[in-house]
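Listed in TrEMBL:
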| type | residues | note |
| --- | --- | --- |
| BINDING | 57, 97, 134, 155, 158, 169, 240, 241 | cob(II)alamin binding site |
| ACT_SITE | 134 | active site, proton donor |
| DOMAIN | 179-208 | domain '4Fe-4S ferredoxin-type' |
| BINDING | 188, 191, 194, 247 | [4Fe-4S] cluster 1 binding site |
| BINDING | 198, 214, 240, 243 | [4Fe-4S] cluster 2 binding site |
| BINDING | 220, 222, 280, 281, 295, 297, 298 | tRNA binding site |
Ligand code: SF4
Ligand code: SF4
């Protein structure tokens, strides 16, 4: 089949299988990106979650020697949730970011890309391809930008004219030399809202992300969250939407085009206290289908402990003391000490002081001392 006709058929078919935008680009190396990734690495801004070397991330032919083109796809996800439960005193709730609403988007997009691949194969028997969504080596945003899906915003996300930045991205490297689409001529202009509003100052140098300061990353680490970021994490259990929520390009954007990407309100905005006691099995049954569960139960529970401290929820004292005394994981005991210190009632102070006598782990002891210093400092300044 003529390549232009095949391209037209692929575009038409993509609409039938829940792909909202599609673009084509060459399989040439991503030269500018390579430079940017090198700078990022030198500055120590990478998260550590990236897959592959800088060469593999920027040279499609290293991943797929027959590569001739890349098809980039975007699928829009909702920005607003109907019937969101309220977080109230004594019944505080945490939040999962929008990219964790519905089923895991990796699965949702891989399914669509597989169908696309089967379709191309049915038209062109010589076709071979390799699909990727987020966790592959290629940088989805860079591919989408070059394929004309959207432009790179200063918040480091891809912004489409139609769906704002609320899109999931994936790609299919192919052995067919499709004609490339033109990148969009668009930009943030003078706007710097996301840079000014980011709670941790993670967006630096006009559009570079210091991943280690980004809340989206910090909510996923399994170790202690550095103390300076805990209040800023607030009630976030997974991810952070702030730099998308404030973006003028997302104003009035809220698409509900796919049933599999709709949020379940009780699951994406859950009560905090029950999370503390969840077994692995309960966690898997409740959250296993979501993107936000990929790091397992531990970071979500740790973030729930932080959120209860940030809320100063004194109805959670018994649960937090139970963790401080009995949880085998030092990260949980230490974070519980911090939260009890924030809540700061007499019962919290007594529990932290008693824990100090029994505790053997250095990091937990450090957290205990930090909490006691704050509480005793607060008591001293109140007495003055
Ligand atoms: S996700 Fe949150 S912390 Fe990260 S850059 Fe955006 S606003 Fe800042
Ligand atoms: S908030 Fe402004 S600077 Fe940031 S991504 Fe949106 S348009 Fe660009």
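Just so you know, glycine gets a Cβ as well, placed from its N, Cα and C.
When the Cα of residue 188 ([4Fe-4S] cluster 1 binding site) is compared against those of the binding-site residues 134, 240, 241, 295, the shortest separation belongs to 241. Neighbour list (residue 134 (cob(II)alamin binding site), Cβ cut-off 8 Å, at least 6 residues apart, same chain): 105, 106, 140, 168, 169, 170. Burial estimate for the binding-site residues (57, 281, 295, 298): highest at 57, by number of other CB atoms within 10 Å.
Note: residue 222 (tRNA binding site) has non-local neighbours 295, 296, 298, 299, 331, i.e. same-chain residues 6+ apart with C-beta under 8 A of its own C-beta.
With every protein chain in view, the residue among the binding-site residues 188, 191 whose Cβ has the most Cβ partners within 10 Å turns out to be 188. Comparing Cα positions, residue 247 ([4Fe-4S] cluster 1 binding site) lies closest to 155 out of the binding-site residues 57, 97, 155. Looking at residue 220 (tRNA binding site) and residue 97 (cob(II)alamin binding site), their Cα atoms lie 12 Å from each other.
Report note: the [4Fe-4S] cluster 1 site is defined by 188, 191, 194, 247, and the residues of the same chain whose CB lies within 8 Å of the CB centroid of those residues, excluding them, are 153, 154, 155, 192, 193, 195, 243, 246, 248, 249.
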